[in-house]
């Protein structure tokens, strides 16, 4: 190609440069061969000169090509970093490259090391505090540190009440009634310990489940140590076809009458108030004192009995199925009275041991629920053995 002067370049027309565009050809794929060479007449040099390379900025030394491939927008969620759109945790780096948080221009929000501990601190502690607020402080005080002789009223919620309401103390039921503010009947109990004024109210549902217990007054004594009740296997066997029973061989105990029991049932104490709900409203105050009751029984037999207040003889109740009313137990008895009590149409007979100096008594009556069942209540303990004449027979 011949050299061309600067004057020729200025004289050439822009149209002439492109009039033979069909003769242009591309040589190779490099930038040097991108512009065609003219055949025939010469092509201006500035049209054949290679253009300078494009300015490409260098990437940061902290980034590699694999870092771009690890972008959350290019890869699946299994290789992506945690973000508002993916929500996943980072795995191992792409192509074996491991990246640190300091290598990235953005910083990830730190997550708690133990999610379960965070939840426990948020919810577990709050739930524990709520339960502590629901449990009355007086309940723990009553079980561990008794405040003797103090008047207080404690209401226990339903979720803390056990089915048999056994709290370690001896209780005697003296009444039951239906209150307006509750659909369940309420039973009233008094502590059996002498001179103790503590009482409790037990609310029971129709299915037998205890729904509420209310304590009134504090105990002025520690919890009694109960002895084990005699099992049915320890009852005396029959002699000459007749069933014998010796109350002196049985260790009686105070008991909670909220528990169902056919062996021990303080039936005589229910005379005054246990069935008053069928005839009228119940007064929550205790019935006449024990001393007055025993004096009344002593007047029936024509003799005076002086009993110190607070002394209560043990009671044992035996239920048998028999056609006869009197239970043959080996001792001699003398009948001194009979009457009909409320709640039972069958009469109750009163007997006293004929041995000189023995104050044991018994009451015999048929059950109101079952006419064949005979209830024999023994009060006191014999201070003598079975008479010899009866023992030989």
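In case you wondered, yes, glycine gets a Cβ from its N, Cα and C as well.
The following features are taken from Swiss-Prot:
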| type | residues | note |
| --- | --- | --- |
| DNA_BIND | 160-224 | DNA-binding region |
| DNA_BIND | 322-387 | DNA-binding region |
| BINDING | 191, 196, 219, 221, 353, 358, 382, 384 | Zn(2+) binding site |
| COMPBIAS | 229-240 | compositional bias 'Polar residues' |
| COMPBIAS | 289-298 | compositional bias 'Basic and acidic residues' |
| REGION | 217-242 | region 'Disordered' |
| REGION | 277-303 | region 'Disordered' |
For this session: Look at each of the binding-site residues, 191, 358, and point out the one with the fewest other Cβ atoms around it within 10 Å.
Result: 358
Exercise. Given the binding-site residues 382, 384, and counting only Cβ atoms in the protein chains shown, which has the most within 10 Å of its Cβ?
Worked result: 382
Exercise. What is the total of other Cβ atoms whose distance to the Cβ of residue 219 (Zn(2+) binding site) is within 10 Å?
Worked result: 21
Exercise. Tally of helix, strand and coil residues over the DNA-binding region (322-387) according to DSSP?
Worked result: 0 helix, 26 strand, 40 coil
